[in-house]
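S.K.: Just dropping this structure here.
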Amino acid sequence: MNFHSFQPYAKYGLLLIIISLVGTAYADTNQPVPGTDSASSAITFSGQNGGELQLWEFDASNVSGVPDNVYTASCIVPYTSNVSLTYNSVLRSIDSSCWNNDSGETYFTGAYPTVNENLTFTMGIDSNSPRAYGYMHTSVAYVGVIHSSDGSYEIESLWYDNGSILNASQLNSSSFQIPKALVINNRVTVSIHSYESNRTNVITVGPGLSVTTPYTTEKTRELPYTNVIQPLIYTEYYISGTGNWANFHLYNIKQSIPRNTITPYARNDIMAFGLDYPNATNNKQGTDFLISRGQSASVYVNNANRENPDDVAYAKNLFDHGFEECIHFYPGLETVSLGEAEYEITWQMDNISDTYGSTPASWSSSENRDNITHAIYTYNKYGALYRNGPMGMGFVPNVDTLTNATWDWWSEGSAHGAISPCFTHQTDINPAIPYSINPDMFETFVTNLNSKGINLVDFSNWYYSSMAQTATTNILQSDANNLKFQLNTNRGYPVNMNIKTAISPLDLDCDGVSIPFTQTADGIQFMSVGNGTYTLKVPLPVANFTSNTKGGYAPLTVQFNDSSEYATSVNWDFNGDGVIDSTVNDPVHEYTTPGNYTVNLTATNGNGMNSKSAKITVTDKPILPVANFTSNTKGGYAPLTVQFNDSSEYATSVSWDFNGDGVSDTTVNDPVHEYTTPGLYTVNLTATNGNGTNSKSATINVTEKPVQPVANFNTNVTDGYAPLSVLFTDCSQDATWRSWDVNNDGIEDSNEASFVYVYTSTGTYTAKLTVSNANGTDSKTAVITVDKKSSGGSNHGGGGGSPESAKNIEVKELSQVFITNGNPAKFNFTKEVTDVLYLSFDAKKTVGKITTIVEMLKNKSTLTPEAPEGEVYNFLNIWVGNSGYATEGNIGNAVVCFKVEKSWIQDKGIDQSSIILNRYSDKKWNPLTTKQSGEDGKYLYFTAETPGFSPFAITGKSTAKETVTEILPEPGTQDPEQNENTKAEVEQTPEQKEKTGMPGFEMIYCIIGLLGVFLYKRK
C-alpha cells in the first residue's frame, strides 16, 4: 500500500510580507506560490490599491499540448463514450468534443480553495446542432454558455431549491442574450463572482450585462460563514436537437479573490472528481484508466460502488497509477440506536478496508443529523472524520473539543473528490470573527490520521491575502503606521500580506530591533523572529488631484478633488499667482474671466511636501444669432399677402423660406410674400453670424375664400285672376338648401327647385325664396297680385292662371275631391275630353277640398325645353292643388290612368308594350312605370305610377318594320272605373269657343258650292 507522509505545516521559518509599491510593477503572473511544487499555480496582484489578487490561471495559448492538469471524463457507464480531449494548435485552445446523446466533462486542477472567488473564462463553441451547451462548474456555481445554430450566444445560470443536484424538477435558471458585439471571433468571456457573505453568484459578460443567482444548492447556501469554495473547476458539455457533433474551445481560466479576504490555502494539485467521473482519453475507442500525471485525488465511494466489481477494479487501478489512497465513504447511515450505529460503522469500515486495502479518511452521512457520539466513535476508533453530508467540510468558530454543541466540525464540501479544509476569514468587518479552529488541535487530528495509515490530503502550503490595515482580529491588528501580529511562526508556514505603502524601506523597526529583509519581485521577505510589532516608516506625500473639467466658457465653475496620498494637509492655488486660495480637500472654484490658468496643489506631511499642477482654459462664450420674426397675419383667404418683419438678434444675414421646401426665397430683412394657393405653409427664417446659425419657424394658413349663396328666382306671371297658377323657378347660385314661402304665412310651401302654386283667393302676396350653404344664407322676394275676375271681363282662354301658355292648351278638365288623412283620394274625369280618366293617391294630411286640373296641349308644354324620345301621342299637364301640396310628405302611391286610341297605334306602327307615360322633372323627361290596365274597341287603357305632378307626355316606339295591325277589343274588358263622388268640369279653350260661335270657313265653302251649281244650270 502507498501511504503519503503528511506534514501539517511546511518546515520553513519564514514570514513573507508582500508590500505593494506605488509606481512599481506587480508580481510576475508566472511566479509560483512560495512553498508549493506546482508551476501552474501563480499568485499575482492586479490593481494598485485593493482590487483583485490573482491566484491561478490556465492559458491555452502558453501550452503546446494537453497539460497534465487537464482531464476529460464521462459519467456514462461503463465509462465509454464519444468524447475526446485535444489541443487545437490553430485556435490555441483546449478542445472538448462530443457527439449527440453523449456528454462529457473536462477537469482542471491547480485552482485554490477559497471564498469570494472570481472565476473568468473564455469559451467558443462550434456545432451543427440547434443548441450546444458548455457549462462551467465550481462547487457553488453552475453557469452555461449556450450556442445556437444562428451563431448567437446566451448565458444561463442554474441552481436547485431542494439541495440535490440530481433532482432536475427543482431546477431554476436565469439567462440573458449576449450582444453580438461581445462575441469576438466566436469567443465569449464570462466572469463568475461568488460572494460567500450572501451566498450568491454574479455572472457578467460586459458592462451592464449580468445576472445574480444563488449558490447552486440549498446545502451550499446553508454553509457556515467560515466555509470555503472547493477547488472544483470543470466544464460539462452536451448538445441537443438534430445535430450530431460539437466542439468546445476553452481558451483560458483565471481565478482571483478580493484583497479583503484572508484565506490559508491547502494544496492546489487536487483532482476534483471521484469514482463516478472516470477518465476518457480518446474518442470512440473506449476509455483508458485515469492516470495521475502528478496530480492528487481522493476517491469517493458508496455501497453501490463497493458492491460493483468494475468500480472496485477501477478504484484499485487509480491507486496503481499514482493516486493516493484516500477514501471517503458515503453509506447514507440512517438514525439508529448508538449500538446499531457503532456496529454499522465498524462493519462498513472494516469491509471497505478489506475491499480497497485502505481505511476511509471520512464517514459521510447526508440522510440526517446524527448524534455526536457517532462522530466521536468513528474518530476514536478509526481516526476518521465524521461528516454530516456529502459536500466536504467547514468549521465552527472557536472549536477546541468535540462536544454535542460543536461536533459539526467537518461540514459541507464536495462529493466528487478532495477533502480540502481551509480556514477563511473576511477582514473588512470590525470586530472580526476569530479564526475557526485552534491550529494545535487541527494538527493533533491530522497526526492521528496519519498514525493510523490514513492519507488525508497534504496541507503543506497556507496562503494569506489581505488588506491588513483595515482588519482587526484576535491575531492581527493595525493602525496608521504599524502592522501588529501575534502569529506563531515557529512552524514556518509563510504568510503573504499586502500592505499599502508608498516607499520601499531598507528596514522596518521592530521594537527598536532592525529586521533584515530581502527584496524580491513579489515584495519584501522578512525572516521570522516570533511575535512583535513592526513599524512602517511614514512615506513622503504624493500630491494628486482631479477636476470635473479642463476648460469651458466663462463664468466656469470647476470641482477639484484631492486624491493625494500620505498628506496631512493641502494648499490650492487656482490661478498660479503663488497665493493660497483654499486649504479644503475638495474645493469648488469659479473662473469669471477668460484666460489660461495654472492650478497647483501642494500636499504636505511631517516628512515633506509634494506638488502637482494642471491647466484650466477659460474662453468667452460665443454669441450665436437668435432668429425671430413677426408677421401681420397668421392666415387668411387666397390670394393672401403677408408682411414679414425680421426681429433677430446678433445676426449678420437672414434667409427666408416661405413655403418649407428648403429653398431660400429671399434674403431681405422685411419681405412681403403673396400666397396664391390655399394650403398650410411653414415659413422659416434662418439667422446667421460668424459663430453659427439659428432658425425659427411659423405656419401660415391660407384657405379658400368662402362663397356665399345668392338667392334668385323667376315666375311665369306676377298677377292675374283667381285662381291664379304661378310657376316658381329657382335661379339661385351656390346654394345647397332652399325654402319657399309664397303666401307670406311663415310656413314653407315647397323646397323644390321649380313648382306651381295656385292662388285661390284674391290679394297681394309676398313670395319669398330663402337659400343657404355652409357659408351663409340669402333671400329674395317678389310680389304676386291676384285679382277677382269681373263678369264682363275678357276671356283668359281657360288658362285660369296656369303656368302653361293659354294658346297651347287644347282643352282642360277639372275634378274636385275632399281630402282627409289616411284615406285614398281619387279624381275622376268623367267628361273624357282629355286622355286622363282618373288619378288617385293616398292622403297623408287632411286639407279639405282639392282641385285637380288636366290640360290637353296642342304641342309640347311651354314649360319643357324639348320633347321626350319616341312617338308622342299627346302632351298634357296635371296640376293637383297648389304646387306645394303634391309632395311626398302629403301624398303617396300616386297613379294616373290614361287612354290611347288604337287607330294611332295602328297608323304609327307602335309597339303596344312600349307605350309609357313620361313626366318632366329635374329638368329632364323621366319615364314612369306604366302597365296596361284594359281595352275596348277604340282605346287601350294604362296606369302609371308617378312621384308628382307636372308636364307629362304619352309616347310609344315604332316597330322596326311597318305592319298593319288590326286591334280588336278583347273579350271581357271593361271601361275604367268612375268615381261618383268627384265633380268634373270641362272648359273649352278660346279657339274652341270661337269655332262654336261663328260659321267661319264652313260658310265660305258653302257659298262657293252653291255658286258653282248655279253656273252649271245656266249652261
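Glycine is no exception: its Cβ is also placed from the backbone N, Cα and C atoms.
Note that the coordinates shown come from a computational prediction; the quantities given were computed from them, not determined experimentally.
The following feature annotations were taken from TrEMBL:
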- 568-619: domain 'PKD' (DOMAIN)
- 652-703: domain 'PKD' (DOMAIN)
- 740-786: domain 'PKD' (DOMAIN)
- 786-806: region 'Disordered' (REGION)
- 969-995: region 'Disordered' (REGION)
- 980-995: compositional bias 'Basic and acidic residues' (COMPBIAS)
- 997-1016: transmembrane segment (TRANSMEM)
S.K.: DSSP helix, strand and coil counts for the domain 'PKD' (740-786)?
M.R.: 0 helix, 31 strand, 16 coil
S.K.: Could you put numbers on the helix, strand and coil content of the domain 'PKD' (652-703), residue by residue per DSSP?
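M.R.: Within the domain 'PKD' (652-703) the tally stands at 0 helix, 33 strand, 19 coil.
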S.K.: Let's see if you can do this one: DSSP helix, strand and coil counts over the domain 'PKD' (568-619), in that order.
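M.R.: Across the domain 'PKD' (568-619), the residues distribute as 0 helix, 33 strand, 19 coil.
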S.K.: Across the domain 'PKD' (652-703), what does the mean pLDDT come to, as a whole number?
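M.R.: Here the predicted model's pLDDT, averaged over the domain 'PKD' (652-703), is 96.
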